[in-house]
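Here is what TrEMBL says about this protein:
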BINDING   Arg74, Ser75, Gly76, Asn87, Thr91, Ile92, Asp93  substrate binding site
DOMAIN    27-154  domain 'dUTPase-like'
Amino acid sequence: MTAPAAPPASAEVEILIRRLDPDLPPPAYALPGDAGADLRCAVDVELAPGERAVVPTGLAIAMPAGYAAFVHPRSGLAARYGVSLVNTPGTIDSGYRGEIKLIIVNLDRARPVTLSRGDRVAQLVVQRVEQARFVEVEQLPPSERGEGGHGSTGR
Ligand SMILES: O=c1ccn([C@H]2C[C@H](O)[C@@H](COP(=O)(O)OP(=O)(O)OP(=O)(O)O)O2)c(=O)[nH]1
Ligand SMILES: [Mg+2]
């Protein structure tokens, strides 16, 4: 079986990058078509169980209006060591020009974890996002779900 055919080609979006730490490689997709481009940590970090740290990536970006980038954990690190991001996914606004930082947490209950400068510790997913216009009304239109939430459809 081959993968389903792609819809009509969508152009790649150009993202400008600044390497604040020129010795680190730029963000890159590990394989063609990957959703996330890997981000590296710019410093060595050791996290005790339950500890978190704000970690620099040495990277600043500028993307077009109408886009946002989301910082996601890497599942390999999550499965092997319990490493995640506190605010997953972290939101990078299109107007943000500062250094992308990762709020990394060690969720393992027993083992400390060491991340070394240059390790690929997170991934950046670039997406189109809509801007909403919030219109206040007295009543919201009816729907089949109504106000049912939090398991209202059953287990
Ligand atoms: O994991 C993250 C999340 C955010 N940011 C940067 C980019 C983003 O545009 C900015 C603000 O993030 P967010 O809106 O999530 O935080 P906030 O607490 O609402 O801060 P602000 O008041 O600056 O919007 O911080 C990061 O570098 N890493
Ligand atoms: Mg904000």
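Placed from the backbone N, Cα and C atoms, the Cβ positions cover glycine too.
Unlike curated entries, TrEMBL annotations are predicted automatically.
Feature map: annotations from TrEMBL on the structure.
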residue: Arg74; record: substrate binding site; Cβ neighbours (10 Å): 20
residue: Ser75; record: substrate binding site; Cβ neighbours (10 Å): 11
residue: Gly76; record: substrate binding site; Cβ neighbours (10 Å): 10
residue: Asn87; record: substrate binding site; Cβ neighbours (10 Å): 12
residue: Thr91; record: substrate binding site; Cβ neighbours (10 Å): 11
residue: Ile92; record: substrate binding site; Cβ neighbours (10 Å): 21
residue: Asp93; record: substrate binding site; Cβ neighbours (10 Å): 11
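Among the binding-site residues Gly76, Thr91, Asp93, the residues whose Cβ sits under 6 Å from any atom of ligand 1 are Thr91, Asp93. When DSSP labels each residue, the domain 'dUTPase-like' (27-154) comes out as 7 helix, 50 strand, 71 coil, counted as helix, strand and coil in that order.
Spread of the substrate binding residues is 26 Å (greatest Cα-Cα distance among Arg74, Ser75, Gly76, Asn87, Thr91, Ile92, Asp93).
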